[in-house]
Amino acid sequence: MAWFGYCLALLALTWHSSAYGPDQRAQKKGDIILGGLFPIHFGVAAKDQDLKSRPESVECIRYNFRGFRWLQAMIFAIEEINSSPALLPNMTLGYRIFDTCNTVSKALEATLSFVAQNKIDSLNLDEFCNCSEHIPSTIAVVGATGSGVSTAVANLLGLFYIPQVSYASSSRLLSNKNQFKSFLRTIPNDEHQATAMADIIEYFRWNWVGTIAADDDYGRPGIEKFREEAEERDICIDFSELISQYSDEEEIQQVVEVIQNSTAKVIVVFSSGPDLEPLIKEIVRRNITGRIWLASEAWASSSLIAMPEYFHVVGGTIGFGLKAGQIPGFREFLQKVHPRKSVHNGFAKEFWEETFNCHLQDGAKGPLPVDTFVRSHEEGGNRLLNSSTAFRPLCTGDENINSVETPYMDYEHLRISYNVYLAVYSIAHALQDIYTCLPGRGLFTNGSCADIKKVEAWQVLKHLRHLNFTNNMGEQVTFDECGDLVGNYSIINWHLSPEDGSIVFKEVGYYNVYAKKGERLFINEGKILWSGFSREVPFSNCSRDCQAGTRKGIIEGEPTCCFECVECPDGEYSGETDASACDKCPDDFWSNENHTSCIAKEIEFLAWTEPFGIALTLFAVLGIFLTAFVLGVFIKFRNTPIVKATNRELSYLLLFSLLCCFSSSLFFIGEPQDWTCRLRQPAFGISFVLCISCILVKTNRVLLVFEAKIPTSFHRKWWGLNLQFLLVFLCTFMQIVICIIWLYTAPPSSYRNHELEDEIIFITCHEGSLMALGSLIGYTCLLAAICFFFAFKSRKLPENFNEAKFITFSMLIFFIVWISFIPAYASTYGKFVSAVEVIAILAASFGLLACIFFNKVYIILFKPSRNTIEEVRSSTAAHAFKVAARATLRRPNISRKRSSSLGGSTGSIPSSSISSKSNSEDRFPQPERQKQQQPLALTQQEQQQQPLTLQPQQQQQPQQPRCKQKVIFGSGTVTFSLSFDEPQKNAMAHRNSMRQNSLEAQKSNDTLNRHQALLPLQCAEADSEMTIQETGLQGPMVGDHQPEIESPDEMSPALVMSTSRSFVISGGGSSVTENILHS
């Protein structure tokens, strides 16, 4: 088995030596050998391998000048180290460098050479081989370029723990140490580059891009990382395509069609130059311009793409370049290259031919004749000349390298070349650490050190992982746990050189991976030249920017970057472009007309200064003034009959409550505060209840006095002044209790209402409890209803007491106002709620004031003749006569029915005649006037002791039984004469009938003396007279003052019933008669 392994190793080495001839490698002996993998060519020639004969090795095509420069950088670094006394003294580094042709197959051929040589060296087969010279093991490999190539190489080298230090492979997949154990690199991870690309797109506010990636281990992971970063930044990708340098024409055209039809103007490309070149050629052929290319580092400075004939397509490209380094002496080293001097560099011959477009004869020592063409195979060589060199002129060998412009001499921005230089020095410093290792301080078991003369690849890998040194630029070089060397990026922009028309790469910014997020990117926009030589940033968005005041609205079925601009709703705003959502204004603010900002809402309430508030205030003040004026009039004329008849004390209290009603309306005007909200409803409710309570007590007392059948001492006791005030207090106290409960359980408070109107804040009072408010108004209306009932019943009282009629009107007004108030209150909002209540308060208050008091004030001020005791007595007597007359007219029908039942004759139909004459012309004789003036009012005791006096009649009519009642005033006499055509035998029936009739008359007598109970009338068969002394006529609500004494010379009106069952009025003048007739 051992011999079988030896044979495999020998076969691999033999095969590899035949595959790579002398012209296909750069090699130099040394104590320690470093391997190198560089893309000297961009690809290989496609051949149809039909396997009819032995397959031949593919031929590399399309020379890569930058690849040759990178190779030169490795050779320069090795020679510089060999000449340095400080680094690896007494040791020489050698190299074996192969061309990968930018393909995996060629790279693996070279890698097999490294692995096979190491295997042979480890087997120590020199004693079995007839070898002319010993080739040491390759302890480290520098390369490769593309991530796909490096991935394949790393898988193979990792099996033998041969360290691989790449200078250009940036795929993030290579950071996986579980798979790529021996891989390290001097270029940053693509993860940072993808993040930087997304940051650039976000910086220019682009959100609609396309992506193109090479279909390899470099393009796919890179573009996948970009997608992740783009999604975090709300960047949408319109299309995503994969390309390769081996893609056929149809595939390339399909990708170009997608690019041409897309609305995305920015295209992100993760690819190498060779993979992208076929696509760019087709785009140039179709002349598709106006695109912004965002280039990854692999092609950002590619000479295949950065060609002047492509500039109208790729001009303005933004790319990422590695940080340029300084390599002292490298420029001179590049200029010294010559095929006859570079004996260890087998690639120099082809470089010379490609640079000067000539053919260099093999083995030539001097210049060859110009214009000599070679059409056959050269001696000593088996290589078939390709079409690019077959008909070239021979090279003289004296060509000047500085006379031509090639990427090889672009040494101003050394990026990849510096990475190669740094990779070589990293390996050298690892070897230096081994060389200077002291026993006990080593990295191996028990602190042991490796032997530099017998060093193995895995030992170098161990030291590379712990490497830490300072390079020639003063930077610290160390590999992280993933084998990556963190670095920064330069941002370059493709310009057209005005000097020679070539494409130059202008540095317009940088990306610092060490900085904080948001501070990593710096771009100088003034230096950027966009496609078409424009200085304006191109637009690459699916939708136009949404200006301030709008937001982005999602379009169904489209990516999130494709949106429509939706205006912010009222109450919301957006102060920036492309806002994803509108911000809601604070509660006290509202959006302006353009929805770009918030402005303070208008605050509205029933203000003192607005016209409506001024009008209501003036009406309230007018009401207060009128009420105060009426109160003043009543106080000034407090001793007049009209004022006395209205119960002065309750009238004063009623006017005071009206003052409070008018004043309470002012609490509803002005900005509501907590204290005004808690005061206004109770003030309104208590004031109105006090007012209505006064009216209720007055009205009810008048009704009870005038309709009481027997006004006994019980009535006089309980309807005194104190009881009246007590009833007013009790009615008002109930309202006070309601208000206290309301304020304790749910007190009203000021409230800023934002919901009624969007742009206005209504400052109103929150009532706390609608039930409490309803109870307050309901109790007020209940008292008003009771008051209305009694007032309606009292509407026909004497004229001087007919304020009940006006109270009825005022209550009607009150109900109309408050019934209208309820729907108006419920249907209004804002300040109009307060206005409606103020109007209701004022209307009800004016109604009460006008109906109850204006008529009296008018009489007091403008009709003083009606403000006399005679007027009051006449009105009272008229009411009494009307009641008595009604009772008298009803009685004959009753008597007739009773006579019929007893078998008596039917009485004649009563007739009546009414006449009005002076006292001297009375048809019926008047009783003699009393010689002594009687007191107008008697004490309670005197009223109880004084009997009714019977006086003889002045005229006798014996043929008719006659019962006569005579009522004597201090100023005259009123005589009631009642007669019936009844037989003598029915005297007892007559007596009973007269007693019943006297009860009807007592209703009238009650109006004459309400403080004195009337005894039943005493009637005999003969006429009789009853005289009652006048106690003075007073208003129905007054009980604490003495009436004035009138002169006895004036005769008061009298009602006299004749023998023919008619009645006449005696005395009082025609006006009284007319009033009675009217009644």
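Glycine residues also receive a Cβ, built from the backbone N, Cα and C atoms like all the rest.
Because the structure is a prediction, the values reported are computed rather than measured.
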Matching residue for the L-tryptophan site, where Swiss-Prot names Ser147, Ala168, Ser170 - out of Glu297, Glu309, Glu332, Glu350: Glu297
Among Asn287, Asn1005, residue with annotation N-linked glycosylation site (source: Swiss-Prot): Asn287
Candidate set Asn82, Asn541, annotation N-linked glycosylation site, source Swiss-Prot, matching residue: Asn541
Asn468 (N-linked glycosylation site) and Asn90 (N-linked glycosylation site), Cα-Cα, nearest whole angstrom: 23
Chain-internal residues, separated by at least six, CB under 8 A from Asn468 (N-linked glycosylation site): Gln476, Val477, Thr478
Spatially closest candidate among Asn446, Asn541, Asn594, the listed glycosylation sites, to Asn261 (N-linked glycosylation site) (Cα to Cα): Asn541
Close glycosylation sites near Asn541 (N-linked glycosylation site), where close means Cα within 10 Å, chosen from Asn287, Asn446, Asn488, Asn594: none
Sparsest-packed of the listed glycosylation sites (Asn261, Asn488, Asn541, Asn594) - C-beta count within 10 angstroms: Asn261
Neighbourhood of Asn446 (N-linked glycosylation site), C-beta criterion under 8 angstroms, separation at least six: Gly440
Euclidean distance between Cα atoms of Asn594 (N-linked glycosylation site) and Asn287 (N-linked glycosylation site), Å: 44
DSSP state at Asn541 (N-linked glycosylation site), helix/strand/coil: coil
Cα separation, Asn594 (N-linked glycosylation site) to Asn488 (N-linked glycosylation site) (Å, whole number): 45
Other CB atoms, at most 10 A from the CB of Asn90 (N-linked glycosylation site): 8
